[in-house]
Amino acid sequence: MKNDMDVEPNLAVLLDVATEAAQAGGAVLHSYWGKLENIREKGRPGDLITEADQAAEAAVLAVIKRYCPDHQILAEESGALGNPDSPYLWAVDPLDGTTNYAHQYPFSATSVALLIQGGPQVGAIYDPFHRELFRAAKGLGATRNRQPIHVSKTDKLAQSLLVTGFAYDRRETKDNNYAEFCRMTHLTQGVRRGGAACLDLAYVACGRLDGYWERGLSPWDIAAGIILVEEAGGIVTAYNQGPQRLNTGRLLATNGLIHQSLSQELLQVEPMVFNLE
Ligand code: IPD
Ligand code: CA
Ligand code: CA
């Protein structure tokens, strides 16, 4: 009997599924904009969930299940779904940037990725507030609104614009990224805190930003963005330039040209001890 991996996956078709799913989620985000009635904390302080997260996830899942009923899904709000034996795993963040969204700061998107045997191979990210659709699949390149994109050519850290973020556990750990943020702010033209990891990666892919690092992330935050950066000519690794592993929640993504210097700087940073009681 044939199993799923006996047939070469058609990444172009799977990319269209990811795109339809991300656009369905993004349409829901647009429709709830400014109309939220139910904003709650999920667990840690500041980790929010709204009716838009749940409705967008339902819309994304409906598309994936319609086309790929035999695949696995890992969705932020619903957890693990589908066939656990499938080599195909969809990683879904229906609303990346929930804090922004809840405050009506328009920097959020729906992110849909397909991992095949553990590696991100297809990604679609849709930002309905700027009407930007970012897409990539392994070997097929990366696009923004269907036009090819490429990482920036900035080759010096001192001339770079970076982005990072701070996980919801930042008040509970010394590994909170505060010291890294200060050091890189000192060494570069600036460090932004976008608040939506998938768009941070998409912005590296299209050259608006030169590099991104962050810890405490989940596969659904970064899987689509990783394939985008790679297909746009950039590099994604662990902080020490070793292979990036999704389950570490940590990554360094750059245009390639500043990768080594950013990695070296990140590895030198000592945690900053605050007394912020
Ligand atoms: C968060 C955003 C944010 C990052 C957090 C993520 P959410 O996702 O991507 O930029 O710093 O670590 O959890 O909660 O808005 O889906
Ligand atoms: Ca997220
Ligand atoms: Ca989310």
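Cβ atoms are placed via backbone N, Cα and C, with glycine included.
Unlike curated entries, TrEMBL annotations are predicted automatically.
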Co-listed Mg(2+) 1-binding residue [TrEMBL; alongside LEU95, ASP96, ASP221] among GLU76, GLU230, GLU231: GLU76
Where ASP96 (Mg(2+) 1 binding site) sits in the secondary structure, as DSSP reduces it to three classes: strand
Neighbourhood of ligand 3 - binding-site residues from GLU76, ASP93, ASP221 with Cβ under 6 Å: GLU76, ASP93
CB within-chain contacts under 8 A for ASP96 (Mg(2+) 1 binding site), separation at least 6: SER108, ALA109, THR110, SER111, ALA196, ALA197, CYS198, LEU199, TRP220, ASP221
